[in-house]
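Let me begin by presenting the structure, written as structure tokens, before commenting on it.
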Amino acid sequence: MLSQLTNVAKFPSSVNTLFVNCMHPKYSHTDGFLYPCFCYVNSHLFSKSCLCSVEPDNLTDVLEFLLLGFSDDPGLQTLTFSLFLSMYVVTMLGNLLIILAVSSDSHLHTPMYVFLSTLSVADIGFTSTTVPKVILDIQTHNRVISHAGCLIQLSFFNLFGCLDSVLLTVMAYDRFVAICYPLYYPVIMNPRLCRLLILVSFLISLLDSQLQCLVVSQLTFCTNVEIPHFFCDPPQLLKLSCNDTSTNKIFMYFIGGIFAGIPVSGILFSYTRILSSVLRVPSTGGKYKALSTCGSHLSVVCLYYGTGLGVYLGSSVSHSSRKDAVASVMYTVVAPMLNPFIYSLRNRDIKRALQRLLNRTA
């Protein structure tokens, strides 16, 4: 311990030494005494490291996080509970209706609608990863989440979030084939390829999820920490970690760039080819008919990536974690809730299938 303190004293002037309170019974050594940790922050390298007199792994094993949510005001908590509960119910009902409509109507057993029903499954999973926890925390007045629970939530959050992104790319490819190669569409988009695309989408999302989870699992926390968010957000966990996170940040941004950049590039490529093909159609009616089949998908793409990009850019400008949490509601809750309405209101086939489904149950 004395050698560690000596090393702290030898740091250059660019390094700020901070005392971190780790004196908690959970972190007592085998001899029964409590040991503190010291953190040093390098302002030039934007890195942070911790010197603990106990093993970091022992600390992480017993760690619990406190999700601060949105507000401690009882009145606002009641409003938050009502909003999240109503939005979650609407999301579940809307996406379940899309799944039931596609599965029950043989006319909708086409690639586009099969991908749409899979997207609805992903939206249900994406919302169910975070919203029920928020509702339960407000109801029980207990915002604690274990380290293992945080990793599980993070894993499923990234899994369904990435699955949404990849499926939107697959749907863009489907529209590209349908408009640019209409005569070959039944041959190219055969059932075997559709199943393969869905399987590959899931495997890519699973890989992204596990890599993100691996990065977060390597972080060390010297004491119980408070997360100023309503779920285990990776950037917040990186900020709260007391070891050097520079490598973790680079790796996480690299993963995000690959698993987000490639789907976006695929969507842009598909719509560039679609637009080029549509402009060659001589009649205005033909152009409108071709583009109308892409309207719902394009709206969902703009909603998903627009809200996600808005939150990302907003968090880089704003230094308020609570404001970031409120903004995150847009792409974690609002976007999955609106997707069924966008497809059902703009698509006659879905409207008819829903009408037949409701008539059957009536």
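Any Cβ shown, glycine's included, is placed from N, Cα and C.
Since the structure is predicted, the reported quantities are computational estimates derived from the model, not experimental observations.
TrEMBL lists 94-343 with the feature domain 'G-protein coupled receptors family 1 profile'. As annotated by TrEMBL, transmembrane segment applies to 79-100, 112-131, 151-173, 193-211, 250-269, 290-313, 325-345.
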Best-contacting stretch, by C-beta pairs under 8 Å, relative to the transmembrane segment (193-211) and drawn from 112-131, 250-269, 290-313: 112-131
Residue numbers, six or more beyond the limits of the transmembrane segment (112-131), whose CB comes under 8 Å of its CB atoms: 84, 87-88, 91-92, 95-96, 98-99, 102-103, 153, 156-157, 159-161, 163-164, 167-168, 170-171, 174-175, 178, 194, 197-198, 201, 230-231, 300, 332-333, 336-337, 339-340, 343, 349-350
Taken over the domain 'G-protein coupled receptors family 1 profile' (94-343), the model's mean pLDDT: 87
Long-range Cβ neighbours of the transmembrane segment (151-173) (under 8 Å; 6 or more residues past either end): 112, 115-116, 118-119, 122-123, 125-126, 129-130, 133, 145, 197-198, 201-202, 204-206, 208-210, 212-213, 216-217, 231-232, 234, 237, 259-260, 262-263, 266-267, 270-271, 297, 300-301, 304
